[in-house]
Amino acid sequence: MAFTKKTVRDADVDGKRVLMRVDFNVPLKDGVVTDDTRVRAALPTIQYLLDHNAKVILMSHLGRPDGTGFQPELSLRPAAEKLAELLGREVKFVEDTYGEKAREAVDALKDGEVLVLENVRFDKREKKNDPEIAKILASYGDIFVLDAFGTAHRAQGSVVGPAAYLPAYAGFLLEKEVDTLTSIFSNPERPLVAIVGGSKVSSKIGVLDHLIDSADTLIIGGGMAYTFFLAKGYTVGTSLQEPDWIERAGEMLKKAEEKGVKILLPVDNVVTDHFGEDAVGEVVPSDQIPADRMGMDIGPKTVELYTEAIKGAKTVFWNGPMGVFEFDQFAKGTEAIARAVADANCTSIIGGGDSVAAVNKFHLADKMSWISTGGGASMELVEGKALPGVEALLDA
Ligand code: ADP
Ligand code: MG
């Protein structure tokens, strides 16, 4: 069993004040939520608490405030409005987090009502995990629930603080995320095919190491492929490259070989002369990248090779796009791989902010088994790290 902490199911919430940390860090435009995925992801726990007659007090951060007080463009009010719309019931909002106004709003809350507090990061003590703010927040509740998977890897005031003063439980989203992202590696249906791309080897070292230990096949794409090419002795022109990590990349290739893990690297690439929306691509084999060209995407032969490997998978874990998918002409590799994963008869788990954005861009989200709501947190779990927010909860 991958999840070893108490959840809201274990708590008696009837008539209780439930202080819950959610991840409502949503994108806004002109005061309106443009992507409500994270609000939706919190609904099961909120609905459960309301159905069980709790007083629900929600808190979250949004964006990166200075920590010097209220900033209108980073208010959580639009998220509270979106929540009201999705729940189809009234959601109270208070433009305060740690002061008198917040306390009054909490005191006025009745059973079965929801209150959203203002952005916890308007006060810089939140990020410093100051015990003073943890005490204030904890005083609002009888129990604490953490459902903010996206920030569970941050030891910050509203994430871990209240657990020192209140019985602390996991919400359903947190439980599902941790359970999914750990059990695919502890007990996967095999073959397990892992796909890793994105920009840099250096930012994915822990993930790559862990995947070489658990996957049957490791597919590599994106900008990081070029550092692996250098390790194989190819030249890569002006492609993204990390000279300090060539040796480490070479060690990984060796380790994979020793362990019998199949590593697939691109056999061809779409290259161009500059990084830009207007750049024109041409396909070259991996060992023939011209000195004045940079790799922007995997090529068609690579797509074929990778699609074949994905077809045979029973479990797929994917993190990191195959190319610069933000530019349409270099999105083909990422799109083809996303389609291959969507079409494969397998459990498919997608983690990482940009990979999730890519899957959404191609409208394939509903064809995947699980799409993680937390980029950084999902990477830390895959690296085998414990998340501070989860650690602070009561053991089951
Ligand atoms: P994730 O957020 O899914 O973990 P990363 O943040 O590691 O993924 O990487 C995503 C970024 O990698 C994207 O912005 C994409 O443009 C970039 N990228 C992918 N392939 C290349 C490439 N060949 N050259 C430069 N950047 C690339
Ligand atoms: Mg990213």
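Using the three backbone atoms N, Cα and C, a Cβ is placed for every residue, glycine included.
Note: TrEMBL annotation is automatic and uncurated.
Worth saying up front: this structure is predicted, and the values here are computed from it rather than measured.
What TrEMBL says about this protein:
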BINDING   Asp23, Phe24, Asn25, Arg38, His61, Leu62, Gly63, Arg64, Arg121, Arg154  substrate binding site
BINDING   Arg38, Arg121, Arg154  (2R)-3-phosphoglycerate binding site
BINDING   Lys204, Gly295, Glu326, Gly352, Gly353, Asp354, Ser355  ATP binding site
Arg38 ((2R)-3-phosphoglycerate binding site) versus Gly352 (ATP binding site) - Cα distance in angstrom:
14
Determine, for the (2R)-3-phosphoglycerate site, the additional residues of the same chain whose CB lies within 8 Å of the mean position of the CB atoms of Arg38, Arg121, Arg154; present them in sequence order.
Asp23, Asn25, Ser60, His61, Leu62, Val120, Ala148, Gly150, Thr151, Gln156, Val159
When DSSP states are folded down to helix, strand and coil, where does Glu326 (ATP binding site) land?
coil
Of all the binding-site residues given, Gly63, Gly295, Gly352, Gly353, which residue's CB has the most CB neighbours within 10 A?
Gly295
Taking DSSP three-state, what's Ser355 (ATP binding site) in: helix, strand or coil?
helix
Considering only the binding-site residues Arg38, Gly295, Ser355, which fall within 10 Å of Asn25 (substrate binding site) when distances are taken between Cα atoms?
Arg38
Out of the binding-site residues I have (His61, Arg121, Arg154, Lys204), which ones have their Cβ sitting under 6 Å from ligand 2?
none
Within 8 Å of the Cβ centre of Asp23, Phe24, Asn25, Arg38, His61, Leu62, Gly63, Arg64, Arg121, Arg154, which other residues of the chain have their Cβ, at the recorded substrate site?
Ser60, Asn119, Gly150, Thr151
Cα proximity to Arg154 ((2R)-3-phosphoglycerate binding site), best match among binding-site residues Gly63, Lys204, Ser355:
Gly63
